[in-house]
Amino acid sequence: MSHVTGVTSNIRIKKTIDDIWPLTAKRVLVRVDFNVPIQNGHITNDYRIRATIPTIQRIIDQGGICILLSHLGRPAGISMTTAVRDVRRRYHEAHFHDNKGKTAFFSVLPPEEKIKILAQSSLREEATHIMPGVKSGKTILFARLPEDEKKQLLMQYLDEKKDNGLPQLSVSAGYEEQYSLRPVAVRLAELLGQHVYFAHDCMDAKMELSRLKRGNVMLLENVRFYREEDSKKEEEREAMAKVLASYGDIFVSDAFGTAHRDSATMTGIPKVLGHGAAGYLMEKEISYFSKVLGNPPRPLVAIVGGSKVSDKIQLLDNMLQRIDYLLIGGAMAYTFLKAQGHRIGTSMCEEDRLDLARSLLKKAEDRKVQVLLPVDHVCHTEFKAVDTPVVTADADIPDGHMALDIGPKTIANYVETIGKCKSAIWNGPMGVFEMTPYSKGTFAVAKAMGDCTQKNGLMSIIGGGDSASAAEQSGEATRMSHVSTGGGASLELLEGKTLPGVAILDDKE
């Protein structure tokens, strides 16, 4: 077993939301990571939303006004200047064109504004039967009105709004429905047990924000609808950050999943405001990674899987300075096995990384890190699920076969090693766990970590991404010490890198 000395974590402990007082009547901007999977308007995994509830609840309980910012997916986005021109064009059409533009303009108003307009129309009785939500027929009803009445209603509406700023449009040139955070607002309201206000345009929300009272929560629409969020030009990120920073008094980051990004909302807002604190989720992430990379209970095992050695070079190089055991699985294991002279059939292998694999194994030997590689495999001739895959007798894989999971002997070795340890960090699956015949290795590792956490007090950390998904699917996630919400962010921390979204927050004195 290795004897690691003199290695410290480069993660500094940060001020948290508990260090900010009072929150009463303060507008608290909270950058969260609500990048959740959505299919047909339904959220299929709400873990990231649930993980932020303690921070949001703290602000509500203290009488603060909680304003949430997040991204979702990778929409094409538009620039801020394009958005301004688009809004002006829509208002121009609504005002000055007799026979076009009015229904299009009405269609992009928020649902509650549409209801108000229809309530004053000649079709008000029919309007009373329309549900207040989206896609309930409001625009279709408005389209039936005579053109003169449409114009009169919209002119009256715009005149009422002129003192408070023009109404917010629910759809702009950058809007893509599949990336809208509206379903997240609905789910968040269910979890909180209170209404969550929704601003349809994150860059044009001042009027909506002015109506919020103590204890209210508002979610702004996807910040990536604007290209400035992730612009490579600092001045563009800063321009967006200045607008968003004007919405709040205090900045809190609970978005560990995007802490590796130097974006307008992650680093730009705290730069503009001159401060930033960690939410409870961010605090927990920092705390666990600081422990495992600094002075963890020993022995410490790293379980590393995934497709490519090249994706994990920096992680392996950094962790070999810190760990006692290294368990390797997934497709990357076959590059190591071939480097040792084993036959690997048609299994995935990075031929140009064989020397690198040998050097990493030599480095582990020099540092007295015990490396365990698969000693048997679950194989098939094709990349598909079958009822009776081939299980090899040893580490060699037959010609014409590809390994798709670790075998039962390897599982036993890995489970035994995890049982010897006091700390464990896992990044990357052991096989193609999405296919049931090849999920046993990954799920067995998850169960071993869960069992040892509950029975032996193992400090177990899942490094986000596919490992977190596997822990969830296996039912073991709640038995771990910590399941990270950040795949890319946790990987960069394990590589020894500094995360911009963490570094920008105020250090705890």
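Just so it is clear, glycine is given a Cβ too, placed from its N, Cα and C backbone atoms.
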Same-site residue for CDP (record: Swiss-Prot; known: Gly306, Asp311, Gly428, Phe433; options: Gly330, Gly407, Gly450, Gly457): Gly330
Which of Ala277, Ala278, Ala403 belongs with Lys308, Lys312, Ala331, Glu434 in the AMP site listed by Swiss-Prot: Ala403
Which of Arg48, Arg58, Arg211, Arg237 belongs with Val32, Asp33, Phe34, Asn35, Ser70, His71, Gly73, Arg74, Arg224, His260, Arg261, Lys308 in the (2R)-3-phosphoglycerate site listed by Swiss-Prot: Arg48
In three-state DSSP terms, the structure that Gly330 (ADP binding site) belongs to: coil
Spatial separation of Arg48 ((2R)-3-phosphoglycerate binding site) from Gly428 (CDP binding site) - C-alpha basis, Å: 19
Subset of binding-site residues (Arg48, Asp311, Phe433, Ser467) lying within 10 A of Ala403 (AMP binding site), CA to CA, in sequence order: none
Surrounding CB atoms that lie within 10 Å of the CB of Asn427 (ADP binding site), all protein chains: 25
Those residues of the chain, 6+ apart, with a Cβ under 8 Å from that of His260 ((2R)-3-phosphoglycerate binding site): Gly486, Gly488, Ala489, Glu492, Lys497, Leu499, Pro500, Gly501
